[in-house]
Amino acid sequence: MKYPKQIRTYCPFCKRHTIHKVERVKKRPRSELSAGQRRFRRILKGYGGFPRPKPEGREKPVKKLDLRFRCTVCGKAHTRGRGFRVKKFELVEV
């Protein structure tokens, strides 16, 4: 899917329609020092199996896109609705 690099859309911070730059956000690596991750590592230690049951069903073939729209006037970024599933994604100059 081809998507424009810049679009004119509503900015909730400026409260008006402005030009926005479109950014695709990648998943960052997990923080190994967060409280939840430290607790999880502690549970995994020693004998015994995994602390949670296996998830039901199957893995989805494609992840949802995480698009951020950054306002060129105020510089703040926001999302617009939920992400959508697409195999190929490309930002193009219009």
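Glycine too: its Cβ is placed from the backbone N, Cα and C atoms.
Record features (Swiss-Prot):
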type	residues	note
BINDING	CYS11, CYS14, CYS71, CYS74	Zn(2+) binding site
ZN_FING	11-74	zinc finger
For CYS74 (Zn(2+) binding site), the number of other Cβ atoms found within 10 Å of its own Cβ:
11
Starting from the Zn(2+) site formed by CYS11, CYS14, CYS71, CYS74, give every other residue of that chain whose CB sits within 8 Å of the mean position of their CB atoms, in sequence order.
PRO12, PHE13, ARG16, THR18, HIS20, THR72, VAL73, GLY75, LYS76
